[in-house]
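What follows is a set of notes on a single structure, which appears directly below.
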């Protein structure tokens, strides 16, 4: 595989000294996470470098820009496209890269082989940590933005240098010579074929996939697939979704996230922005822009949209005794679980004093937030309030859900343990967000915990409108049998010892995620 200086030098889990925008190196010097976008200018400001700059600002990252083309565009149509001379693009690149400490370069519209060539030359001279390639050829609105003449240089020169590429299904098809991509299975096949062209990671976006009830993107790291699902949002304001997603990935990488976490944060950001902007009106055409600054204008709306039922897919419940047994901190355990594919974290602490637990939980909240993963506190709503955690999980003997809701407010996640149909009905009435049902199988994690079996789990699912996560004695050997019960509101499994009573949390999380993904695809 080719290399551009430092582009290939950073590991998948590379991190800066903090996950925030600025890192204090001395009392007077701060390092700022920096992205350079190399893309076209959009006069309507919904896509292109204008969108890239807004995204980076919203994510707390500095963004410089290099224009490759100037588009006259509004919500009705593209009126004209003017390509900048390669020399002009090269001068812009040298100007920025020779002065700024750019962490990540994100590319958008690269409209000619000559412009791709000057980009490659400058990156060879001025290496960066990561390269995010959004192969802009066909926009969300269907406009062709790059001709077939640059396909060969993309395949042969640019893609082998990319840390991640983010084509939509039309662009993926073009890169693969026009192959048919109309199903999730075909998206997975396309991602695998694109990976063979050299990028370290591939994200095939399925937002415009025909006959799909939800929005699904397929992520491939060369070994494992991750399907990222979210509900389709009915809105005309979808202009610039591809630019926004790729720029958000670049911003998160610049801050130090690993690739999968960056992708998850970016998808969540796009979904939240689309939902927040679904009713705004800018322009009179068929495809409007959306608002990238929702977290500043309406933080409540932004927080309310963070939890999705699919977050329950691989639910990791920590156990301090198990982590001590394997000589690791709760912080290291949470990091490894997330990197391995955990989609939500619950901190369960029964031994530590309040202050000790508070300090541990604060670090875990920061880790989860930087990786776009929700964190819940078991029982301790006081800790959840103090740290502004995403929510809590309570049992039947804990404070009632309706009272917890009155304390936490409407935007927090509340889960409740249920073993019976009656408890499941009550959880819905009291305003819970999800149900944890079990123990499905015998377990040593909780003393005197009654096992309900697969039939009991099925009854709880049938009795409730809420999403359900199964818990109790679940691991790699039996997770598939749990997911096979066929209830649509069963969204995942919660595990304790299957992750944390193991020598390597990362390895076990990856194996379990793979098992669940394959089970979901088969059923």
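Cβ atoms are placed via backbone N, Cα and C, with glycine included.
In Swiss-Prot, the 4-amino-2-methyl-5-(diphosphooxymethyl)pyrimidine site is described by 346, 347, 348, 349, 350, 378, 446, and among 406, 417, 437, 464 the residue recorded at this site is 417. The Cβ neighbour count for residue 346 (4-amino-2-methyl-5-(diphosphooxymethyl)pyrimidine binding site), using a 10 Å radius over every protein chain in view, is 22. Cβ neighbour count within 10 Å across all protein chains ranks 348 highest among the binding-site residues 348, 350, 446. Distance from the CA of residue 398 (Mg(2+) binding site) to the CA of residue 346 (4-amino-2-methyl-5-(diphosphooxymethyl)pyrimidine binding site) is 16 Å. Between the CA atoms of residue 347 (4-amino-2-methyl-5-(diphosphooxymethyl)pyrimidine binding site) and residue 379 (Mg(2+) binding site) there is a gap of 9 Å.
In this structure the residues listed as binding 4-amino-2-methyl-5-(diphosphooxymethyl)pyrimidine are 346, 347, 348, 349, 350, 378, 417, 446; their two most distant Cα atoms lie 17 Å apart. For the recorded site, residue 398 (Mg(2+) binding site), the DSSP three-state label reads coil.
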